[in-house]
C-alpha cells in the first residue's frame with residue numbers, strides 16, 4: 001500500500017476495466033469510518049464507494065489526494081479491497097493523467113499502457129499530439145521539482161498546484177511556494193523558478209525559422225517582415241493570411257511550424273484538451289452525405305480522431321473534392337468552411353460583385369479578391385490547372401477577357417444560390433467560353449469543351465448554378481445599398497468569438513455597435529466552426545459512425561463539455577410510400593401534404609386535401625380544416641399550451657377530451673390556484689410545447705423565490721400601467737402585474753387587443769411580439785383563417801385587415817391567418833421523437849416553439865428583418881421573416897425573402913450550420929413561400945380580404961431588440 005500511496009501526487013491511479021455499476025455494500029462504506037476525524041476525506045470516500053458512474057469515479061479518484069493525505073493508509077487499503085480492480089498502480093508513469101489529451105485512439109491506448117514516454121513515441125506522433133506531449137513534459141518537470149518537498153505536505157501541495165494546470169502560474173501561486181518551501185528545499189525553489197521563468201511572452205522573432213518552411217518566396221519575405229514588425233498574435237495571423245494569400249491549414253508546413261513552436265517549446269503553454277468531437281465535428285457531420293463509400297471513408301478519416309496522412313488528403317482532393325456526384329457532401333463542407341452570407345462590397349478587383357446586399361456569397365473578402373487577380377495572371381500563361389485536368393486556353397487578354405474575369409471572381413468570391421447553396425458556374429457558360437477561347441489543339445486526348453464542362457459544371461439548372469451574365473456588369477443598385485446592412489459580414493469579431501446582430505440595443509451612454517461578439521466554442525481541435533457559449537450542440541460520434549451523435553454543452557472554458565451519447569439512428573432505413581421506396585432524408589408530397597422519411601419513419605403535415613380523385617360528396621364536405629372540421633371559432637386550450645380554433649380540430653391533431661379545455665390559453669390564469677410553495681412567487685410563463693406533454697410537463701408558469709432584494713439584471717419588462725422595470729423581480733416586488741416582456745412602448749399605452757397569427761388574442765401588439773408572434777389584425781380573434789389552396793373561409797370576410805406594408809409586393813397569407821403580409825414564410829416539419837430525446841438527455845424540460853424561434857433568429861444576418869412564428873393546426877412550425885420597418889423598401893423585402901430561402905435550404909439539406917444546434921437538428925423538411933415584388937404599383941387581394949395589411953409596428957426596432 002505504501003508504494004501505491006506514494007504514487008498519488010501525479011494522478012497515478014486510473015480506472016481499469018470494471019463493471020459500470022458498483023455496489024460497495026456496508027463493508028465498503030465502513031472504510032470511510034477510518035476517516036471519521038477528517039470530514040472532507042470521509043465525504044469523498046463515501047462518494048467514491050457509492051458512485052455509479054465510471055467517469056464520476058475516475059474524477060473522484062483523481063481529486064481524492066487533495067482531501068485524504070497519504071498518511072491515511074487504512075482508508076486507501078480498505079478502498080482497494082472494497083473495489084478490486086478499480087485502482088491500479090502505474091509504476092511511476094507521470095504521463096498517465098495526460099492520456100485523455102491524446103487525439104488518436106491508438107495513441108491514447110498506448111499511453112494508458114505505457115510506463116515511460118519512450119513507450120509511446122512509436123505510436124504517438126509529436127507533430128499531431130502537441131497537447132499530450134506538452135502535458136507529459138509539464139508533469140515530468142513537476143515530478144522532479146516537487147520531489148524535493150519530501151514529506152512536507154503543504155510545500156508539496158503548493159508545488160503541485162504550479163504544475164497541475166496548463167495555464168501560466170499566477171504571482172500568488174509562486175509566492176505561496178516561496179513561503180512554504182523556501183526553508184525546506186532551496187533546490188525546489190530553484191527548480192520551480194526555472195519553470196516559471198519560461199512563461200514570459202515569446203518574442204515573435206523566435207519563430208523566424210518557420211518562415212523558411214513557406215513554399216512561396218513572397219510568403220517567406222512577408223512572414224519575416226511580419227514577425228519583425230508585429231507583436232500580437234492576432235496581428236501576426238491576419239498579416240500572414242494576407243501576406244501569404246492562404247488560410248491556415250494544419251497540413252501546411254509553415255502553419256504546422258507555428259503550431260509546434262507555440263504549443264510545445266514551453267512546457268506550460270496553454271493547450272486545451274481536444275473535445276470528444278473528433279478533429280472537426282461540423283465537417284464530420286458532412287461525411288455521412290458522401291455518395292460513395294470511398295469518399296465517406298476518406299472524409300471520416302480526415303475529420304475524426306486523427307489527422308489523415310498526406311496521402312489521404314491527396315486522395316480526397318483527387319476523388320472527392322471536385323466530384324460532381326459528391327455535391328451534397330461538398331456543399332455541406334463548404335457550409336462549414338465558408339457559409340453563404342448576404343451581401344458583398346468593397347472589392348477592388350472583382351468590382352462587378354460589389355453593391356449586392358441581397359445576394360449570397362461564401363467568400364466576399366479582400367483575400368479572395370486578390371486571389372481572383374492572381375488566378376487571372378496565372379491563366380494568362382495559357383493553362384488553367386485543376387486537380388484532375390489542365391485546360392489549355394488561348395490569350396485570355398484578347399479572347400473574352402471580361403468573361404474570364406467573371407469566372408475567376410466567381411471561383412474565388414463564390415456566389416451561392418439561396419436554395420441549393422451551389423457555387424458552380426452554369427454548364428452553358430463553361431461550354432461557351434471553352435469553345436471560343438479554349439486551345440482545342442492542346443485539349444487532353446478525347447476531351448472536348450462539352451466533356452471538360454461535364455466534369456467542372458455539369459448542370460444548367462438555375463437553382464444549382466450561377467449564370468455568369470449576372471457579373472459581367474456592375475450591380476444595378478449602384479451605391480444605394482444602405483437600406484440593407486450586414487453587421488457581421490465581414491466578421492468583426494475575434495477567432496474564438498461568434499458575431500451576432502445586435503437586436504437588444506444599448507444602455508444609455510454605451511458605445512452602441514450593430515453587432516455583438518459573444519464567446520464561443522469550436523467543434524473540435526481543427527475546427528473553425530464556432531457555436532455560442534452555453535448552448536447545446538449535436539455532434540457526430542468522434543469515431544465517425546454514421547447516425548451516431550452526442551449532445552454537448554459549449555462551456556465557459558471555450559470547450560465542449562458534458563457530452564452525452566444519443567441512441568444511434570439507422571440512416572439506411574427507408575420508407576415505403578405507395579409501393580415506392582423513399583430513402584432517409586427524402587422529402588416529397590402526398591397529395592397536398594409535405595412528408596419526409598426520417599430513419600424509416602414517415603413524418604407528414606396534416607393538411608386536409610382535395611385531389612382529382614375526390615368524390616363529389618367529399619368536395620361538398622370539404623372545409624379545408626383538419627379532419628374537415630366545421631368552420632367555427634370556439635377556441636379550446638390544449639395541454640401543449642396551444643389554442644385551437646375548436647374542439648374538433650384539437651381532437652384531429654391527437655388531443656383527448658381530457659387534454660384540452662374550452663377557452664383560449666392566454667385567458668387561463670396558471671397561477672390560480674397557486675401551484676407554488678409559500679416562499680415562492682408564481683409568475684405566468686406562457687409557452688407552446690413541441691415535446692410530448694405526457695413525458696415533459698408543459699407548465700404555463702414558473703415558481704421563483706421571493707426576494708427582499710432584486711439583483712441588477714437588465715431584462716426590461718412592462719407592467720399593466722405602462723411602467724417599465726429592470727426585471728421581473730423588481731416588477732413583482734412593487735406589487736405590479738406583468739403586461740409584456742421588453743421595454744414599455746408609448747403606442748401600447750392605450751391597450752388595444754390584437755389577433756396573432758397563432759389564433760391567440762393578445763392585450764397589445766407588444767404582448768404579441770414578446771411571444772415572437774406577428775399580428776394578423778386588430779381586435780379579438782374571431783375566425784379560422786385561410787389554410788387551403790382550394791378556397792377561403794367565410795368568417796374571414798368579417799375581418800378588417802389593415803393596409804399592406806408595401807406597394808409592389810405580392811403578399812403571403814400565413815396558415816390560419818386572414819390577412820396578407822410582405823414576408824418570407826417557412827412551413828417546417830419536425831421530428832417530435834427527436835425533440836423528446838433531446839429533452840430526455842438534457843434538462844428534462846420541454847422544448848418550445850420559442851426555443852426554435854430564438855435559435856433561428858440568430859441565423860438571420862440582416863437587422864432589417866426579424867423572426868416570428870407559431871405552431872400551426874396542421875402540425876407544422878410556421879416561421880415568418882418580416883421586414884421591421886413600417887414602410888419597408890423592396891430591397892428589404894427581398895432580403896427577408898433571401899433569408900427565408902437560405903434557412904429552407906439549410907433545413908432541407910441537413911446542413912451543420914443548423915443541424916449542429918439543439919433543437920434545430922430536429923427540423924427535417926421545409927417549404928418556403930416569398931412575397932416577391934411585382935411590377936404593378938398596387939396589389940389586388942382576393943375577395944375575402946378586400947383589404948391590405950400593415951406591418952403594425954415594425955418600426956419599433958427598439959421593441960424588437962428586447963423581445
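Heads up, the Cβ atoms here are built off N, Cα and C, so glycines get one too.
Per Swiss-Prot, the feature disulfide bond maps to 627-652 (among others). In the three-state DSSP assignment, the secondary structure recorded for residue 652 (disulfide bond) is helix.
In sequence order, 623, 646, 648, 649, 652 are the residues of the chain that are 6 or more apart from residue 629 (disulfide bond) and have a CB within less than 8 Å of its CB. Annotation source Swiss-Prot lists disulfide bond at 629-648 (among others).
When other Cβ atoms within 10 Å of the Cβ of residue 637 (disulfide bond) are tallied across all protein chains shown, the result is 22. DSSP assigns residue 637 (disulfide bond) to a strand. Taken from Swiss-Prot, the feature disulfide bond covers 637-665 (among others), and the record attributes it to sequence analysis.
Taken from Swiss-Prot, the feature disulfide bond covers 710-729 (among others). DSSP gives residue 710 (disulfide bond) a coil state; it is part of no helix or strand.
Sequence annotations record features per position, and here Swiss-Prot assigns disulfide bond to 718-744 (among others). Sequence-distant neighbours of residue 744 (disulfide bond) (same chain, six or more apart, CB under 8 Å from its CB) are 716, 718, 722, 723, 724, 766, listed in sequence order. In three-state terms derived from DSSP, residue 744 (disulfide bond) belongs to neither a helical nor a strand segment and is classed as coil.
Taking the Cβ of residue 781 (disulfide bond) as reference, residues of its chain lying under 8 Å away and at least six apart in sequence are, in sequence order, 633, 635, 664, 755, 756, 759, 760, 761. Residue 781 (disulfide bond) carries neither a helix nor a strand DSSP state and counts as coil. The disulfide bond feature in Swiss-Prot is assigned to 755-781 (among others).
Annotation source Swiss-Prot lists domain 'Kazal-like 3' at 749-783, citing sequence analysis. Away from its own ends, the domain 'Kazal-like 3' (749-783) comes close to residues 633, 635, 642-645, 664-667, 686, 688, 718, 722, 739-742, 793, 795-796, 798-802, 814, 816-819, 821, 823, 850, 853-854, 857, 867-871, 873, 878, 880, 882, 949, 952-953, 956, 959-960, 963 of its chain (Cβ-Cβ under 8 Å, at least six residues beyond either end).
Residues or ranges marked as N-linked glycosylation site in Swiss-Prot (evidence: sequence analysis): 80 (among others).
Annotated N-linked glycosylation site per Swiss-Prot: 194 (among others), in sequence order, evidence recorded as sequence analysis. Under the three-state DSSP scheme, residue 194 (N-linked glycosylation site) falls in the helix class. The Cβ of residue 194 (N-linked glycosylation site) lies under 8 Å from no Cβ of any same-chain residue at least six residues away in sequence.
DSSP gives residue 291 (N-linked glycosylation site) a coil state; it is part of no helix or strand. Swiss-Prot lists 291 (among others) with the feature N-linked glycosylation site, giving sequence analysis as the kind of evidence.
Annotated N-linked glycosylation site per Swiss-Prot: 346 (among others), in sequence order. According to its DSSP assignment, residue 346 (N-linked glycosylation site) is coil. In the shown protein chains, 12 other C-beta atoms lie within 10 A of the C-beta of residue 346 (N-linked glycosylation site).
Annotation comment: Swiss-Prot describes 936 as GPI-anchor amidated serine.
The feature repeat 'Knot 3' is assigned by Swiss-Prot to 145-191.
According to Swiss-Prot, the repeat 'Knot 4' annotation covers 210-257.
What Swiss-Prot records for 1-28 is signal peptide, and it gives sequence analysis as the kind of evidence.
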Ask   = In the structure shown, which of the disulfide-bonded residues 665, 710, 755 has the fewest Cβ neighbours within 10 Å?
value = 710
Key: Mean per-residue pLDDT computed across the repeat 'Knot 4' (210-257)   = 75
Key: Rounded inter-Cα distance in Å - residue 665 (disulfide bond), residue 627 (disulfide bond)   = 22
Ask   = Three states by DSSP: which one describes residue 755 (disulfide bond)?
value = strand
Remark   = Here the disulfide-bonded residues are 627, 648, 652, 718; the one whose Cβ sees the most other Cβ atoms within 10 Å is 718
Message = Quick check on the repeat 'Knot 4' (210-257): DSSP residue counts for helix, strand, coil, in that order please.
response = 34 helix, 0 strand, 14 coil
Message = Taking every protein chain in this structure into account, which of the recorded positions 291, 729 has the most other Cβ atoms within 10 Å of its Cβ?
response = 729
Remark   = argmin Cα dist to residue 346 (N-linked glycosylation site) over the disulfide-bonded residues 627, 637, 710 returns 710
